[in-house]
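Structure first, then comments.
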């Protein structure tokens, strides 16, 4: 079964689905939704089969396929997945059907073609899968850039207030990063002997100066994508303007391409430069944690608030990546998955609230829990998951990151811990102002606010809640897959975990 | 014994594409003279298209030929590749030129001699059939371009330059509407073009003087002699540098490189749109074909001397094109500045040493030509009662009114912006890769930075079309006739195919990337 070309089929399948959905007649929107949902469930089923077929103790890269594309430049359609890519692919496959289900009525309010909205979501899924499955730097770059196009139209055509501004800002920021990366990709190709194969490139010796420049080219692109402070300003705008489903994908998956790119490309391909730049990256990450958390506390717009919390969380992931210990690395990758689940849930729930109220402002709510108790409960749960309460999945990853960092860099770990306190502040205060306290009389006049979660919405939130709780208590299925890949990456970087503290840390995590 | 006159051996097969185009042009003039007016258009268009196809066939037949015939025409890989490119692109341009379904009578004035804005002029604009002489003019221009990229000495190159420039000056003046703008454009193009020709000729004279210093070998301006002189001449290098600079100015003018670009926006805006497309695609190929040959064959030995200067020109061109594109409010002027910036990227390719730079530049020329033709094809479609609506504000909400053409134009703009899976991305890679390899990292960095700047104006048009609401003045999009549709489909398909499977054309280009000397 492992001979089956999982990755290429997974990449192409959503694209085919998108074409089918786009060709459906415009006046039959329900059919388009059903086909899109069915198609994304097919993709999910296939990726579950792939998950089962993945051998935990097997090779680092599995499901490798390679077909020639542009022989003159040594470009191939090479797909391969390590544990890190695998968990991200699973995250995409899980999130997309839920987002489609959650966005059931989103496109109708925009007066634009409904089938096109769902087709764009499927195109986005294709590019997201491709970017994580690619093992050829050129192919990765192609998906990295093409990914912008469906997202641009999702924000620009179907978004809310200030959508044009947000869409253009998103596109330009990402394109600027992408073009820096293009220069670095070409440079890597030249010094690497005209090949784009990841495995071949990871063995090339690069002179120190060149390596640092190439690292910077890649890092800037990924730091904009992730986004890290100070490249983050596009995310609150894009996240605030995008329809809730698209925003969940944007923050839940798309931004992970940045952190994934760092662990897959920046660290193993440019190990010395990565170590040289690590203090700077750690500094940016720590600033991001504190700064974004403070801004989140001050936000009055729900979607922008969630976007800022994400920037803070990306700070944690950045700390984990550049601490260069196995725990921290595993924690960072685990965080990428868990954050996708938790923030995805938070975005979707917030989206449901906003759809009912017709406003995204915190001050327009107040005591909503009295009208929609289940929805308020889910929001509370999503908030707790987002602040990494023990028992929810993000706690495990945040803990691993802090432990792994503490063994090698105490100041960073200590400062980062402050972020947890701030997280409690922004989440709890947001929950309190929207769903607790005295009922805002304006809410009672809106009929929609009296309808609690319907069956469709329950189907959206239930799987995410279940996954967050399961992985909160039993993260082993994920860590088993992630650990070998992270260890291999740390070997590429040439860092070994500090021996004495490893034992004590393992004691502590048991 | 009286010396016998011996005809130089002439390889007619190698010259066939040129001969066919020139013959067809002469035939076109005769048709114009003797055939009744209403029959001219139906005869001229097929005649021109047939000639282009026949010439293209001969280029394919000649594919393996590598000769210099009668000493002045070099038929080698780059010549054949570029001739093929010019012919293929001009076939598409001819489809736009020949379109008469969008506007009654086509895009050209019926009689250029009618005073602009007179009652006669309004009558011709309303319903008279366009002038038939555009076809022989285009055919002459194509023939001149075919010689231009094959010329093996500077004098032949100069003659070819004039042969293709003069028809272009005329063609620019033949717009059906906004005729004063069109005539002004032609005048500007002609005057500046004449200066450029004079510079070129003066440069040729200086280089002739430079080659005189080689003892045995007589002075001449063919490229082999110049190449030898660069290495051996005892003449002052000032002659070489001044000659090289002046010749370059003449060529860079045609290529629309800064600081010799100032004519571009005005001419692109004033000329009839099919001719603008023809110039943006075919003239670019011809100009860069000549630049490649001059710098790779004649001045190769002086690479260290010209690289900094030409590099500075490339940087300036990219910056000027990108920065000024941001401020444009007219779609044709925007595309003009974009074409200037693209000339900068092409210069990066010209500077990249070796075969890879050469093949990358040739790939870029073909890819860009098809995309830009498709872009101008869309421009001809967006119109109101007064002709084309080129002001950007008029394009607001176009996506709502005609999603198909807005999608097509969006795709074209994404290709210009260099998004992967379009030919624009592949061609950027094709020139930046060899440039970086040749040690010109600074050029690549400027190229990347200006690409970022350029993305903004393109994106602005996309925003206009899709994310703005249609206003009252949003023009309609005319349903194109068969010819424009065909041109559009060819241009867009080429942009897509070259972006997804560039391999075959890259193979062809790298197989052809070897000059004879």
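Cβ from N, Cα, C; glycine included.
Note that this is a predicted model, so its numbers are computed, not measured.
Looking at B:403-421, B:422-440, the stretch flagged in TrEMBL as transmembrane segment turns out to be B:403-421. Range annotated as transmembrane segment by TrEMBL, chosen from B:189-210, B:211-232: B:189-210. Of the two recorded stretches, the transmembrane segment (B:361-382) lies close to the transmembrane segment (B:479-501), with three or more CB pairs under 8 Å once pairs fewer than 6 apart in sequence are set aside. Counting Cβ pairs under 8 Å to the transmembrane segment (B:238-263), the top-ranked stretch among B:132-151, B:275-295, B:403-421, B:441-467, B:479-501 is B:275-295.
Highlighted: of the candidate stretches B:132-151, B:157-177, B:479-501, B:132-151 has the greatest count of Cβ pairs under 8 Å to the transmembrane segment (B:275-295).
Residues 103, 105-110, 112, 124-125, 130-131, 134, 137-138, 140-145, 147-148, 151, 183, 185-187, 189-190, 193, 197, 200-201, 204, 250, 254, 267, 270-272, 275, 278-279, 283, 286, 290, 294, 386-388 of the same chain lie 6 or more positions beyond the ends of the transmembrane segment (B:157-177) yet place their CB under 8 Å from a CB of it. Sequence-distant contacts of the transmembrane segment (B:43-61), counting only residues of its own chain at least 6 positions beyond either end whose CB sits under 8 Å from a CB of the stretch, comprise 13, 16-18, 20-21, 23-25, 27-28, 31-32, 35, 80, 83-84, 87-88, 90-91, 94-95, 97-98, 132, 135-136, 138-139, 142, 146. Counting Cβ pairs under 8 Å to the transmembrane segment (B:441-467), the top-ranked stretch among B:132-151, B:189-210, B:403-421, B:479-501 is B:403-421. Only residues 6 or more beyond the boundaries of the transmembrane segment (B:189-210), in the same chain, are considered here, and those with a CB under 8 A from a CB of the stretch are 154-155, 158, 161-162, 165, 168-169, 172, 219-221, 226, 229, 233, 235-236, 239-240, 242-251, 253-254, 260, 262-263, 267.
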